[in-house]
Each structure stands twice: as C-alpha cells, then as structure tokens.
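Engineer: Structure provided below as structure tokens; questions to follow.
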Amino acid sequence: MPSDPSNSTSESSNYTTVAAVAPASGPAPLSVPAQTPSPPRSPTQKPRSSRNPSVTSIGRKSHAPHHPSGLRQSRVPGESSSPEISRTGAFSSRDSAGKRPTFQGDNGIQTTESERAGIEEDYPDQHAEAHSFCSGHSHEPNVHTRLLSEHNWDNASGCGDENCRHGSFSIRPTSPRQGSFRSYCTFHSGVSEEGFGGAYPDPSAGGLGDAVDATHGLLGDAIADGLMGGGDGNKMSITKYLAKRHGVKARRRMYIFYYIPFLNWIRQYKWAYLKGDLVAAVTMASFYIPMSLSYASNLGHIPPVNGLYSFVFNPFIYALLGTCPQMVVGPEAAGSLLTGQVVRENISKKHWNDDDQTRNAQIAGMTTFMAGAVILLAGIFRLGFLDNVLSRPFLRGFISAIGIVILVDQLIPEMGLQKIAGSSVEHGSSVDKLIFIIRNGKYAHALTCAVSFGALAIIMVCREVKKRMQPRYPSVAYIPDRFIIVVLSAILAWQFDWESKGLDILGDIKARGKPFPVHFPLDIDHLKNASDAFSTSFVIALLGFFESSVAAKSLGIGENKKTGAGGIKNMHLSANRELVALGVANVVGGLFMALPAFGGYGRSKVNASTGGRTPMSSIFLSLITVAAVLVMLPWFYYLPKGVLSAMISVVAYSLLEEAPPDILFFIRLRDVSSLLLMSLIFVCTIFWNLKIGIAVGIGLSILRVLKHSTRPRIQILGRVPGTTDRFENAERAGVNVEFVEGVLIVKIPEPLTFANTGDLKARLRRLEEHGTGKAHPALPPIRRSDHNRNVVFDIHGVTSLDGAGAQILMEIVRGYRDRGVRVFFCRVPGESTHVWSLFERSGIVALCGGKTHFVNSVAEALRLTEIEELRYGEEESRLRFNSS
C-alpha cells in the first residue's frame, strides 16, 4: 500500500495519487506532495461523503485486502485546475509498455481483455480499439490518474451502502442535476463525458444532434445513417454518435447484417450443423408435404400442387430475412380455410365454374399476395404491436370455432357425400352442413368411410403413443407415421383398384403448363374480386403474424444464446423484421399462386426436436419440396382423398384440445367478459360464417382497447397518518389516509393524449364535489368548496403529452385561476423534455404563477400552500374565493 499522502515528501508532481486497492506486485505509484491544493469547488458542489455517518473513508481503506485481485480497480482523473489534465480519461489504445490496458465501464467496472475479445468475436470487423471522441485525443493512463477511493454518489444507490450495486446497470441521465449531485460519469456538474444524449441530449456532449431531427425522426437511423450516410455535428443521430464514440467501424455493414440476417448466420455456419439440419428437413417434409396437399385440395379448393408451392418459396425467403433461426413457415389450417372461403364466395357469385381450378388458384394467389402486402407494409411502418389487438379470449374463441368448422367440413368427403351435398350445402354454415350430414348419413359410401375413419383412428393412436413414449424414447419423434399412412393407403388403392369401386383419389396433380407458373395477382380481371378478398387477407395477415410471434417467443430465440455444441449468435427476435420477412415471403408466394404461409409452433417444434439448429433446415425443406414437385408428384396419383381429410381432421382436433385449459382458467378467475367474448365469437362463426365471427371479434376487441385507453385514471391522494411526506390513493381498499384541509391533491399516473383527456374535466369535478371518482354524478356535492382552495397535481406519470392534452390541461388550470384557486404541480418532467416545453408554450406555467409553483414533491407543494395562506391571510383568501 502506498504511504498516506499527508506523509509524502516527494515534490516530483503537482497531483495527488491515492490507492484504495493496489496490485500485489508491480511498480509503486509515485509519491506526491501532501499539500497540493485542490481546485476550488463550484458553489453547487458539496464534498462527497457517505450517507452512513458511521462509514468514513479511513474505515473503508482499513478493510482493503493485503493481496487484492484488482477486479474492481478503476481509474478516474485526478482533481486538477488544469483543464487538459482534468479532461484526461481512462481509455487508451496501449499503455507505455505496449500492452493493452483494461477498459473502464460504467460504475468503475472494468472490461477485461478476454471480455473485449468475446465482444469482438460476436461482432467481427465492427469493433476497433476504444478511443476518445469527446476530447479529440487519446486518453493515456499515467501517473496523474488515481485509483477511485471516494464514493461516487451518482453511481450509488439510495440505501447508503458503499458496496450496494442497486441500479448499477441502469441508464444514467446526461443532464446535470441540481445541488451536489453530479451527472453520469462526469467530473464537473455541467459536463457529460459518457452520456449518450437520450431523448434530449446534453448540448455539452459535443457532436450529438437534436433528437427530434426531421430526417432521423421520419426515416429512422438505419436509412438516415446507413443508406444516406447521416451527418455530423447537430445532425448526428444517437446511434451514429455511440458508434463513433466507441470505435465501431463499418457502420453501414452493421445495418445490412441487421436487416438481412442471412449475411449474419451464414458466416457462423459449421459443418457440424449440416447433419441435424438435413435430418430435420427430411422429417418435416415427410410430415408436411402430404399435409400441404390436403390444405390445398380440401380447404383452399385449389390444385394440390399449389399447396406445395407454399413450402418451395416461403421457407427459403424466411431463411434469408427471418430473425428466428429454428422457425419454419408453411401453410396452416386457419389461413387455408379463410383462403378457401374467398374462393367459394367468388364461385357462388357465378364468376366461374367450380371446375375451373386455374381461376381458383389465381384467386388464392391474389389473397396470399394481399395478405403479404398488408403485413409487409406493417413491418415497414413499424407496426409490430398489431398482434396485441387480438386478445387471448378472441383467439381462443376464433381458433376453436375454426376447429369445429374444419371438422364438419371434412366429414362430407370422409363419408363420400360430395356429390349429394352440391353447391348449396358446400357454401352454407357449419350448422347447415351438420344438419345435412345427419339427414343424409344413410347414403354414405362404405369404402370411403372405412378408409377415411380407419386412417383417422390410426393417426390418432400413433399420435397418442408417440406423446406417451417420447419422454422416455425421444427418438420416436423421428418416425414419420403420417407419411407411412399416406404411402400405404396409396399402395392399397392402386393394388386393389379402389378407384373403380367409387373411392375418390387425388389423381393427376401436375402443374398445368410449366412448373412454378407466375401470375400477377392484381391484374385487371381480378380487380373486381379484390374488394371481397381484402378484408379476409387482412385477417389472414393478423392471425398469421400472431401465430408466428407466439411460435418464435415460445421457442425462446429472442436472446443471444448457445444450444448444444453451439448455435447462431446475434440474431435477436424483432417483431418489425418478422413482419417484413413474412410479408416478402407471402408476396412472392402470391405471384406463384401459393397458399398463405406463416410460422407454426408445432412445425417449428418438430424442426428443433429433430436436430434443426439453423435456418439452413428451411432451405433444405424448400429444396426437398422442389424435388417433390418435379419428380414425386406422379407417385401421389392413387392417394385417397379421404386420407387427406383424416389428416386435416387431426389438425382440427389439435386446435380444439387447446381450448379447455383456457376456459377453465377464465372460469377460475370469474372473468365473465372474457368468457362472453369467447362464446360470442364461437357462436357467430358456427351459425353464420367466418367473416361474421371475425368482424364481431375484432370489433369487440377494439372497443375494449378504446374503453381502456380513453378513460383517465386520475386519483385523489390523502396523507398517511403520522407522516408528513407519504401520500396514498384514498380510493384504494384498506388504505387509511387523511385529507389535507383546503387542498385537493390529484395524481395523474399516465401520459395525457387526445384519447384520455376528453373526460378529464368531468372526473376532476367529481373529485372536487364528492372526494371520489366512483360516486354517481347525480349525487349532490358533499365536499365544501373551501376544501378546494388549493389544487396540487402530481404528474410524475405524465411521461408524454400531446397538443390536445395540453389544451385540456390549460383550460382546467385557467378555470381554477378564474375561480381563485391556486394550482401547483409537482414531479414534473425536466425542463429539457417535450412535456415541459408544452407546459410553457401552452401558458400553463404562466397561469399557475411561474416556475415557483412547480416543485419536486407533494410535501413541498403543501408547504407552498401554507406560505400562500400566511401571505394573504386565510380569511382574505376565503373571502376572495367566495366572491369569485
């Protein structure tokens, strides 16, 4: 340990060197004179001392270990009157010995060489050695730096313990605070060395531009900086400032890797991943190639080959642009059924005949294209929050209704009643079809029933056996039971010539003309059908994105992590980029008249459980499907349609078996509104059609969101007995508070916008007259008017404010002023915020009486009311109030 500075006799330096923790070996720090004067402190600065009076700096030094590890060693500039020395930091590229130093992080925590190497490994070609940006020259650690021995109050928690790490990794403000508190990582209260500006940058940060710059606000950092190059000085965005500040190179390439994830994961791909990805792709192909034929033929009412196109293009494009490495996109039952509804509606309007499969495929392609365009535009405009509009009760009711609709629809081909049903029943509701099946069950085809229900029973038994055996024998997941059933049924149909006995088979499913024909969906011939398809396309996009986001979040790919022997790193789940990836995939699929394709949890789970680790499994799946389209289609000629219907019925059953846990949960909560919403959507879909169910569900969901967002949740506060600075919501159950005489304390715990301020005046009037917002407005006023001589607004929760909200608040304050009521605001956002700017420009500050009526706490506002009462006199104040 170095000697105490007070006993030092060396005169070789004008700066003090103190060491709280020193290495066990190494050169000793230079001795310095003991009487070096410290620079004068500003009037607003106070000496830093421990909040615990029992703790002193000497006591802290006395506990220093004899052989410290150096892990918590930190360097800060020595205090000096020299501006050059005081600006010298703890960063440098190399020290005097040519070795890399450790890099200082926030709160005195150092980034070691090994940690920095890990960061550079994760982001190659982007990180350089840290260097100075604010000061304009490199920061060299030298004898003038000292070890941190004093307690930094700005980095400490409020508990008073020096070793407490509460809030160590939270963002620190850059603007200087009043009093003795200093800004984050600064040595003078007015200068911010490490601040990144936040929403309202500190002008002294140097080079950081206005946060509300029009170019960056409209286009975003990726376009303004990545494509247009950004700017310097006042036009520099926060992202570019941080990149330049910390030595991040290749900033444009950083954006390219972020928005095209293929360029990120392909560099990390290893040969060790190849086997797992290939096995997973073959397993998924054996499951879902027959399933896609079923979706296209039985649900979408289009040629079966168009169902395979959804596995040709969509997984490949998602592998290039998607942010979830293990998710696999493909056609789903709900999207295929909704697409089939559009096709049926156009057939029912006699636009063409039922047998015109080419026209059916074109309408399906238009629906897929429009769904992709909707979801692509939503991603471009950053509407990734749209899936939140669909509540869990809405989804559960709608998906359960889809399961019933699919089960009833598939009963007709499973029993061989298609010819009897005709077009009238085919386009009717599920209730109409169920009545038809009951009345005409005696005309069912015996062989078709035997094959269909036999395949259904076998699939269900295999499904249950695999579910029970998989915990003990995980390899059973690799058994393609459905593919085996498809192959065996086709062989039996060919061997015993079931086609001649009345069994419907798939037949010739080759693509008409060239493979993968391209057709522009929005040509003149189809524009008359676009209006019918748009509403359904919007719902397909919304449901598909919701299912995809649920699958991605369930797989847990949103964070940087390694699985097994390794995994794709630095691929973070992004809702907006998912929208773009799914949108592009469906737009391309629509050009090839494919079914809508989105991520599915079951399919992605199969991919992950069978060895798929990277998006390369999706690329392999696309290649296998291309081979199936070009080579394997003739082998499906004898495939019975009843077997395809049985496979779809199993999917419908899986949709239904998810409902009972949710229903029981809402019953246990006694959530009547959620149960009613679920039941209403289910009934509308079953008794009418999917469109009615969708319209009712989305309408009720939007109404619930609007009702919640437009109701101002203001509170009346009361003081907790026995305290002077504790205030609680007086309307909360079990809270014992007392009201302050002559003062109405109102808390606004949320942002104020045009949506929730329309009813603010009426609710404030209820608080003034009744002391609660829950009383009916018909009740006469029971609170005396002299109890409202002063109004205190606690607006700590008002983190944002728009023009309409500011206007309503200004009118409220003006009304109080005209009545002689004094208005105070406490815990208002800082003067550099947009909220304070609107307060000043709207005239609220002037109407209240200036900045003196804006304080930091409710208790301080109450003290100001007492001062006002003493200044004017209580009686005079009451007379003035009554006369007004």
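The backbone N, Cα and C atoms fix where each Cβ goes, and this holds for glycine too.
These figures come from a predicted structure and were not determined experimentally.
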Engineer: Which of these ranges is annotated transmembrane segment in TrEMBL: 393-412, 733-752?
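Structural biologist: In TrEMBL, residues 393-412 carry the label transmembrane segment.
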Engineer: Would you mind listing the long-range same-chain contacts of the transmembrane segment (308-328), meaning Cβ under 8 Å and 6+ residues beyond its ends?
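Structural biologist: Hits for the transmembrane segment (308-328): 260-262, 265, 284-285, 288-289, 292-293, 296, 516, 548, 551-552, 555, 557, 567-568, 571-574, 577-578, 580-582, 584-586, 588-589, 592-597, 599-600, 603-604, 607-608, 612-619, 621-622, 625-626, 628-629.
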Engineer: If you average the pLDDT over the domain 'STAS' (733-865), what number do you get?
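Structural biologist: Averaged over the domain 'STAS' (733-865), the predicted model reaches a pLDDT of 90.
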Engineer: Any chance the transmembrane segment (443-463) and the transmembrane segment (475-496) have 3 or more Cβ pairs under 8 A, given the pairs are 6 or more apart in sequence?
Structural biologist: yes
Engineer: Can you find at least 3 Cβ pairs under 8 Å between the transmembrane segment (533-552) and the transmembrane segment (675-703), where each pair is 6 or more residues apart in sequence?
Structural biologist: yes
Engineer: By DSSP assignment, list the helix, strand and coil residue numbers for the domain 'STAS' (733-865), in that order.
Structural biologist: 56 helix, 20 strand, 57 coil
Engineer: Considering pairs 6 or more residues apart, do the transmembrane segment (579-599) and the transmembrane segment (361-381) have at least three CB pairs under 8 Å?
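Structural biologist: Yes, the stretches contact each other.
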Engineer: Counting Cβ pairs under 8 Å that are 6 or more apart in sequence, does the total for the transmembrane segment (278-296) and the transmembrane segment (393-412) reach three or more?
Structural biologist: no
